Structure formats: C-alpha cells, structure tokens
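Chemist: Provided herewith is a single structure, encoded as structure tokens, for subsequent inquiry.
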Amino acid sequence: NCDDGEIVIKFSHVTAAQGHPKGEAAALLAERVNDKMNGKACMEVYPNSQLFNDNKVLEAMLLGDVQMAAPSLSKFEKYTKKFRIFDLPFLFDNIEAVNRFQGSEGGQKLLHSMESKGLLGLGYWHNGMKQLSANKPLLMPEDAKGLKFRIQTSDVLQAQFEALGANPQKLAFSEVYGALQTGVVDGQENTWSNIYTKKFFEVQDGVTESDHGVLDYLVVTSAEWWNGLPDDVRSELKTIFDEVTDERNQMSRKINLANRQKVIDAGGTVRELDADQRAAWKKAMEPVWAKFEGDIGTDLLEAAKASNASN
Amino acid sequence: MSAVILFALVIALLTIGVPIAVSLGLSSLVILLVFSNDSLASIAGKLFESMEHYTLLAIPFFILASAFMSTGGVAKRIIRFAIAVVGHMRGGLAIAGVFACMLFAALSGSSPATVVAIGSIVIAGMRQVGYTRDFAAGVICNAGTLGILIPPSIVMVVYAAATDVSVGRMFLAGVIPGLIAGGMLMVGIYVAARVKGLPAEDWKGWREILVSAADAFWGLMLIVIILGGIYGGVFTPTEAAAVAAVYAFLIANFVYRDMGPLKNVAWRKDGEGLLTAVLRNIAAIVIGFVPACVHPETKRTLLEAGRLTIMLMFIIANALILKHVLTTEQVPQAIAGAMLDFGFSWWTFLIAVNLLLLVGGQFMEPSGLIVIVAPLVFPIAIQLGVDPIHLGIIMVVNMEIGMITPPVGLNLFVTSGVAGMPVMAVVRAALPWLGILAIFLVLVTYVPWISTYLPTSLMGPEMITTH
Amino acid sequence: MTVTTFANVIARYVFNDNLLWALELTTYLFAWLVIFGASYAVKMTAHLGVDAVALRFSRKTQRILALIAVAACIAYAGMMLYGAWEYWSKFFYKLAFLEVEDVPFPHWIQTLFGLVEDGEPRYERLPRYIPYFILPFGLTLILFRFLQIAVGIFKGDLTMIIASHEAEELVDEARAAHDDTGASGSSPSQGAGR
Ligand code: NA
Ligand code: NA
C-alpha cells in the first residue's frame, strides 16, 4: 500500500494480472515504479475490471478517479477516429511493421491527438496479430461468406466482415466461448494469446493463421493529471514506462508463438495460408481502407503502408 | 480498519431502521470521504452504471414472468399434476406440495413467490385431509426456498453479475442440487408420514397423470423456453427472461385466461361446434390483444413487478457502490492475505464462508448480501482452487436457509400469512425441515461434483481468466 | 406512466432483439425506471429494512431512532445529489462530446434543440449527458421525499421510513387468493424477487 506523501497512480485494466500480455506489462510497470520511485510515487494496479470496465475507464479517468488505463485501440472511437487505422485489415504485414509505424512521427503524433479532450497516450502495448477461426475451415475469403463472426464494437471491423459477405455480431468478450459453442456465432478473430487462454479453439473447427490485423492497447493517462506532475516525477515515470513498453512488446511475440504451439499441442487445428490464399483475403478486405480514409487521413495511411518496407 | 468501520456502520444504520439500500450507500460514502480521494461524482456514476449492467436486466423480466405465472391458475394446474403423480404415497399431499414447489420453482425466480403460489392452495388442502397446520406450513415454507435454487433464479443472476461468471452455467448448476434438495425433503416427509401414520390420497390412475400434465403443459413449457433457449443458443439469459415475461403474459391472458378480457371465457362452450369454437377463439384473441395489454389486471401486475424491481435494484445498486469502495480499499485482498497466512485450506475456507453467510442471512436481504459477500470471498476462493460455480451454489443454499430463519426471513412472513399463523409458530414449524436443508448444505459444500457436473459436461470447464 | 414505458421496452426489446440501440436504450430506461421509482418508493415508505430491533423499544425511543434514521437518509440523498450534479455537469459542460455506444440521436430532435449547425447535426448518437440526467433529477426527488418523511415523523404522522415487513401486502393478497381459491380477482403477487 501507498505511503503518505507519495503520488498515487491507479492503473485499471480488464485482463488477468498473470498470463496476459497486458496484465503482465501492468504488473511489471507497477513493480518498477514502486521500486525505483519509492517515496515519490506509488502505483496500484486493479486488474480484471475490478474498478472499471473498458467502456467506463476513460470517463473515470477524466473524472480523476484513475490515472492510467490500457483499453484496446477501438475504445477511443469517441475521442478520435484516427485510431481506426489500427483496425484496418491487412494494412500491416506483421508486428514489426506495427512497431515501426508506432515509433514513427505519425504514430507518435497520434498519442497527442486526444489532448484537447483530456486524454494523453503514453505508448502502445501489443497483444499481437489477429487470427481468424470458425466452425468450418477458412482457406479462401469465400469460406467466410454467410458466417456470423463475433466482433468488438468497431465500425471498421464491422465493415471488414461485411466485405467478406459475412455477418458481424457485436458481443462481449466474456460471452464469446459460450456463443461459439452454442452456435450463436460461427467464428471470431483474435490473437493467439486470447484464442489459447480462452480456449476458443476447442469450440472451433480450426484457426486460420491470417495475421490480418493487429490487436493493440493504448496506455493512456489524463492530460490534466500528467501535465500537473512535478517535472522530475513525470520524466522518471516516462523513462520507466518506455523501458517496460519495449521489454514487454518484444515478449508479446514470443508469448503469442508459444500460445500458437499450445493450441496445436492441445489438439487444435492451425491452418496456414499460402501466398495466393493470403493475397485473396487481402484483396477481399482491402476495399475497407478507402471507406475510412477520410476519418484517418491520407498522410497517416501512407505512413502506415510505408512501415511495411523494412530498411 | 476502514473495513471494520464500514461494516459497523452498515449494521448500526440497519438496526435503527434505515432502509437497506441507504445503509449500504451511506456507509460507503462515509468511508470514501474519510479514507479515499475518490470523488462523490464517481460514486454517483456507479449508481447509474450498476443499472446499465446487461445481466441484471434479466431481473425485472424474471419478476414479471413470475408475476404473470402467479395468477393462481398455473399453480392450480401444477398442483393437480403433482398430486396425480405422487399423491397416492403415504404423506402424499405433502410430498405433492414439495413436488409442486419444485415445478413452480422452475417457472419462477423467487422463493416467496413460490410459497405464495403453491402454499395458498396446498396448505388449505392439506388441513382438510387431516394434516396439522404446523406440518403443512413447515413443509411449504421449506420447499418454497427451492425457488432460488432451481433455475431460473434471481439470486443466481445477482451472483453472476457480481462475479462475472456465466448466468447460464449457474442455472445449469442449480438443477442437480435442486432435485437432490427436493428429493431429501420428500424422503423426510415420507419417513415422518410412516411414523405418524399420515394419510395417502387415492391413486387416480395414469389417465389423470396424462390429463393433468396436458393441462399444466403450457405453464411447464416455460421451463423449456428458458433453459432450452439459453442452452440451444437461441438467446442470452437476459433475452430468455424477456421472452419468458411475454410468454407468461400471453399464457395467462389467452390460454389459461386467469386474467384479462377473456377471463372465464371458455375455449369451447356447451354444444358449440368445433369450427365455430376455433373461429370464435381466434377472433376473441385478436380482438382481445390490445385490451389485454391495457387491462387493469395487467397494469396492476406490471405495477407490482415494477415496485419489486425498483426495491431490489436500488438495494443492488447501492451494494455495488459498497463493492466499489471495498475494491478501492483493497479489502478483499487484505482478508484473502490474512486467511492464507492463517493457513486456510479450501474446506476450512468454505466453513468460514458458510458461517459468514448464515449470520449475514439472518439480517440481510439475499441479493444485497450476495453482491457484498461475493466479491469479498470470490478472489480467495479462486486462489484456494474452489470452482466459482460451486461457490455460487453454496451461496444460494445459504440464502435459502436465511429466508426461513428469523428475524429477516421473507419466506417466514409469507408463510405466516398464507397459513394464517403467527411468525414464531412458523419458525417452530419450519425447524425440523430446516435440519434437512442444513444437511443438504454440508453435502453441497463438500461434494463440488453436485454443482459442477452439469455445467462442466454441457458447457466445458469454467475459466476465470478474462480477456 | 412508468408502467407503460416498461411494457413498451419489453415489446420493443423482444421484437427487435437484433437492434443494439434498442438494447442499450432498454438499459437506460431501466436505470431511469429504478432511480425515478426509488423516490416514489420513499414516498410510499416501501423500501426494505430491518424493523425487528426498533420495534422493541418504547414509542418515544422509536421516534428518536426514526428521526436519526431519516437524518441519515437525508445525508445520503444530499451527498449523492451533490455527486450526481458534479458528475452530470462534467458531462454536460466538459465532456459534452461523449456519445453513448449505439442509441442514435435523430436529426429532427437535434434541430428542435438547436444542435444543428450548417445543416450538420452535432451528434451521431445520443450525448451521454442525456441518459445521465436522471442522476441529478432523480436524486433531487429522492432528497425531497426524504425531507417530506422527516416532516411526517416530526409531526408524528409517521413512525418509520421502511416498510414494516414488506411481506404484509403479499400476505394480504395471498389471503385474498386463498379465500376464493382459483381465478380470483387478487393481483398476482410475489416476494421481492428473492
Ligand atoms: Na427458480
Ligand atoms: Na434470515
């Protein structure tokens, strides 16, 4: 618990404290802050939606009741539509491209895009690349036609599945397993970590390794609170935060690969796509980009495309 | 420290006659102002947020369904069926009373509702054939508690909402315990009937079973709609509750015609031709639909259900505020740590949970109690390897016992009214059967299989990791 | 009135269960019903509590306890109202851009309230301060009702804030049903949803 005189930093998130990329990153951040900034600042982490769920946490932050949170990027719809860029299918070839984009000038500018509304991004935390699964094999985009896919609340993801001729259904994450099992929905998209830890593969025909999109979190804080911190505290916090972010983001790839293997070991089917198949999926989904270009801005979109070329 | 003050405040306020909801809310506010830097604004926000909770939305719908099903007619038909099946045994009418309570429990999410619906008919019937009033009241008072154990159950909805487990799983988990508890009561009655030489009804034959089953069919279909709907993937529990409410309204108004514009209008009048009857009924239902929606009896039912919903939800919303304060103050973690340091194992922990709930159940309203206790013990249970569904069933059984123990025991009050006897007399009458429930509690606590078998085999193992 | 809304909600909900906004609207109406209804329940002294202890004391002590209890209720409602006002005004002034998830905000209503500039409506969906308005409004009513009760207790017209055994009403109805078993005119009733 915090001592008197320390600046209290409440970090609220919705995942388990252990075994999940976000939960582990938050725990590591708290450990470092409480160790290195003892006497100056103190971080309390509230996992598992104990304090607030993802829909409420940003409001609570603006009311001053929590100082840090890490909602998935699609939760920032109401503050800026620019973050829709991360939901676009097949925009990034792999997680390295995502890294390059986030580190670029455009990606860093995005962190400040909500300051007028009171929120400040500190950095991006990866969950990983998304894979597709359904109750039948998905090898070509036509296979998805007519199927019901669970999505998070996001207009981009809705458009993505509509482009396939599929039927997107918004559903809370906690209800997905049951919905897949009883056939309320036929399929879903998620990272290997989520597919393994929530055992979605058990109730699906198989998982197609599509890497078609990214599932990331934005670590966010209240601009008012952050700018009101003493300069030394703020810079020390930011340094610790950046270290933790680098370390954990590198880990997230390993965690996802390990979970992919665990799915196979547990008897799940994993289907890889050959180059032609992948191209077909990309072609089917790409029209979605144009639809949201206005919200995102052409410059940013071009910067994202450029991040695929490693140099 | 803050936790001790918090609970002392709640109890003090309750004692002097402050409403439960306000006691919970005010104590939380005081703790917040003294110990924490959260704003009052965030607490007001929580009040709203708890009512946006999608799972809790099932509560008004289950209350409404139950209200339409309690119109006497459904209960009468269920009782007739129950008597046809088990009435011929020694102590048959009492056993049939338990059976009828079990069936009604499968339609209704509430215990007192079960007592009112079944008790108001069966207790009088039992006295007519020579049972003592104490015996009749004691049996029904106990069997009525099955209303929250056999799905659907409002208390289970509240538990699921407070701990984020699946409502569907909780409902499934209640089936086997409900059957066992009902069975144990029946066996107890049969033994008592042998000893005391209680009467048996005449065996009315298989035909009566079929005819009465057909008559009760539309009411019992609700079980199929609720459970089948949820597990068949047709709808979520909240949607199932809404569908149940509408179905119950239609059945009460147009099939059984216990209420509304077609009340006492026969399906087929004497000497009426089949075709005429069919056409007349279709016309009556079509013409009667709008009048039924605005009929005074419908309005009264809606008003009554609304009143219950408001009272219950206001308590739950304030209990959720208290839960929020407990979380902010990290009270569950502190208690968990202390318990683990103390060397609690899962089975000693469950003893502690049972004691806590039994004591709490003497004073508190079940839904509010669960909202407060569940987040307190849930994390500890998980750490000790107790299945969350199993924990939920243990809590529900404790709530059942709380409902038939003074001073706050709604089933006692209701039975006292239905049987026309003083509350203390009901307490004494219920006592011997309370023993059976106590044995059942021990059984449920230490045989997790009873609770977890159905949900695990039908829905896979429970997982507690989120996102 | 509440009742009609409630019935409408159910109908709309059941027949349009694919419409997400209907679902969200239902949860908001539910919140409105409960917060608004809570004040009505105060008026009817229908809130549930424990009366077993208070009833053991003399009438005079009971009166003092009731006055303390109602003071506690007023403190609760007052603090909640303060918080609710803070909360709502933040959403109204500072966070007015925040919208709900799904419920649309029809163009013509926005025109009506002058929220349309150059033919462009300001909102796609309902701004959050609209559903949240029930908080300050409802708590004002609750506070008002508790003040009324305080006057009643002070004058000696009332002895308690809570329902003396909420079951009494149920019991009366049960008796009525019991007296003419069957399709009697008694209102269908049940316990407080336990
Ligand atoms: Na039930
Ligand atoms: Na009790």
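Cβ atoms here come from the backbone N, Cα and C positions, even for glycine.
Take a look at what TrEMBL says about it:
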type: DOMAIN; residues: B:7-450; note: domain 'TRAP C4-dicarboxylate transport system permease DctM subunit'
type: TRANSMEM; residues: B:6-35; note: transmembrane segment
type: TRANSMEM; residues: B:56-75; note: transmembrane segment
type: TRANSMEM; residues: B:95-123; note: transmembrane segment
type: TRANSMEM; residues: B:135-159; note: transmembrane segment
type: TRANSMEM; residues: B:214-234; note: transmembrane segment
type: TRANSMEM; residues: B:240-256; note: transmembrane segment
type: TRANSMEM; residues: B:277-294; note: transmembrane segment
type: TRANSMEM; residues: B:306-326; note: transmembrane segment
type: TRANSMEM; residues: B:338-363; note: transmembrane segment
type: TRANSMEM; residues: B:369-396; note: transmembrane segment
type: TRANSMEM; residues: B:408-427; note: transmembrane segment
type: TRANSMEM; residues: B:433-454; note: transmembrane segment
Chemist: With contact taken as 3 or more Cβ pairs under 8 angstroms (pairs 6 or more apart in sequence), are the transmembrane segment (B:408-427) and the transmembrane segment (B:6-35) in contact?
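Modeler: Not in contact, no.
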Chemist: Could you tell me what the rest of the chain brings near the transmembrane segment (B:306-326), counting residues at least six beyond its ends with Cβ under 8 Å?
Modeler: 3, 6, 10, 20-22, 24-25, 27-29, 31-32, 36, 43, 46-47, 49-51, 56, 59-60, 63, 154, 158, 162, 332, 365, 367-368, 371-372, 375-376
Chemist: Counting a contact as 3 or more Cβ pairs under 8 Å, with residues at least 6 apart in sequence, do the transmembrane segment (B:338-363) and the transmembrane segment (B:369-396) touch?
Modeler: yes
Chemist: Based on Cβ pairs under 8 Å, which of the stretches B:56-75, B:95-123, B:135-159, B:240-256, B:369-396 lies most in contact with the transmembrane segment (B:214-234)?
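Modeler: So the stretch in question is B:240-256.
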Chemist: With Cβ distances under 8 Å as the criterion, find the stretch in B:56-75, B:135-159, B:240-256 that has the most pairs with the transmembrane segment (B:369-396).
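Modeler: Answer, by Cβ pair count: B:135-159.
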Chemist: Counting CB pairs under 8 Å, which listed stretch among B:56-75, B:95-123, B:135-159 touches the transmembrane segment (B:240-256) the most?
Modeler: B:56-75
Chemist: Which sequence positions outside the transmembrane segment (B:95-123), separated from its termini by at least 6 residues, show Cβ-Cβ distances below 8 Å to it?
Modeler: 59, 62-63, 65-67, 69-70, 72, 74-76, 78-79, 81-83, 85-87, 89, 133, 136-137, 139-141, 143-155, 157, 178-179, 182, 185-186, 189-190, 193, 201, 216, 219-220, 222-223, 248, 400, 403, 410-411, 414-415, 418-419
Chemist: Can you give the mean pLDDT for the domain 'TRAP C4-dicarboxylate transport system permease DctM subunit' (B:7-450), rounded to a whole number?
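Modeler: Summarising the domain 'TRAP C4-dicarboxylate transport system permease DctM subunit' (B:7-450) by its mean pLDDT gives 86.
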